[in-house]
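Engineer: Sharing a structure here in structure tokens format.
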Amino acid sequence: MERTLSIIKPDAVAKNVIGKIIDRFETNGLRIAAMKKIQLSKNDAAKFYEVHKERPFFNDLVDYMTSGPVVVMVLEGENAVAKNRELMGATDPKEAKPGTIRADFAESIEANAVHGSDSLENAQKEIAFFFAQREIL
């Protein structure tokens, strides 16, 4: 059984579509093993997205991710990483297939509603960033 990290980003939290997004995960066979709503600090966001540190969009990404609360979740299920990425849709909502989370709820490539781990290895690191083992049930 795989686990992956999902973040409902500030734009989607502000639009009050948390429940609708969670429903997509649960309807498609992913179980929520852990979940919390948090406000990221600039330091937290910079550390989490450190891999993008040298990219031109890094500072805007950190600002955006700290602009409001986020919901972080551990999703569990068969092929959880791939299934979550399929449900999210393309990074740019204009390119996302109809019926995907980003096609339905994202505003732009910057405010694209959700984050999902891109590999099992990164999922483990990202889950550990937000959750203690005892919080994952």
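Glycine is treated like the rest: Cβ placed from N, Cα and C.
Summarising the annotation, Swiss-Prot assigns active site, pros-phosphohistidine intermediate to H115. Look at Swiss-Prot and you will find K9, F57, R85, T91, R102, N112 tagged as ATP binding site, backed by sequence analysis.
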Engineer: Between H115 (active site, pros-phosphohistidine intermediate) and K9 (ATP binding site), what C-alpha distance do you get in Å?
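Structural biologist: Per the Cα atoms, H115 (active site, pros-phosphohistidine intermediate) and K9 (ATP binding site) stand 7 Å apart.
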Engineer: Helix, strand or coil: which one is R85 (ATP binding site) in, per DSSP?
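Structural biologist: The residue in question, R85 (ATP binding site), is helix (DSSP, three-state).
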Engineer: Could you state, as a whole number of Å, the largest distance between Cα atoms of any two of K9, F57, R85, T91, R102, N112, the listed ATP binders?
Structural biologist: 21
Engineer: For R102 (ATP binding site), what residues in its own chain, 6 or more apart in sequence, show a Cβ-Cβ distance under 8 Å?
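Structural biologist: Set apart from R102 (ATP binding site) by at least 6 residues yet with Cβ under 8 Å, we have M88, G89, A90, T91, D92, P93, A96, N112, A113, V114.
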Engineer: According to DSSP, does H115 (active site, pros-phosphohistidine intermediate) sit in a helix, a strand, or coil?
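Structural biologist: Assignment for H115 (active site, pros-phosphohistidine intermediate) reads strand.
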Engineer: Could you tell me which of these binding-site residues, T91, N112, has the fewest other Cβ atoms within 10 Å of its Cβ?
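Structural biologist: It is T91 that, of the binding-site residues T91, N112, has the fewest other Cβ atoms within 10 Å.
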Engineer: When a 10 Å sphere is centred on the Cβ of F57 (ATP binding site), how many other Cβ atoms does it contain?
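Structural biologist: I count 12 other Cβ atoms within 10 Å of it.
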Engineer: Under 8 Å Cβ to Cβ from K9 (ATP binding site), same chain, six or more residues apart: give me those in sequence order, or none if nothing qualifies.
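Structural biologist: Result: Y64, M65, V70, A111, N112, A113, V114, H115.
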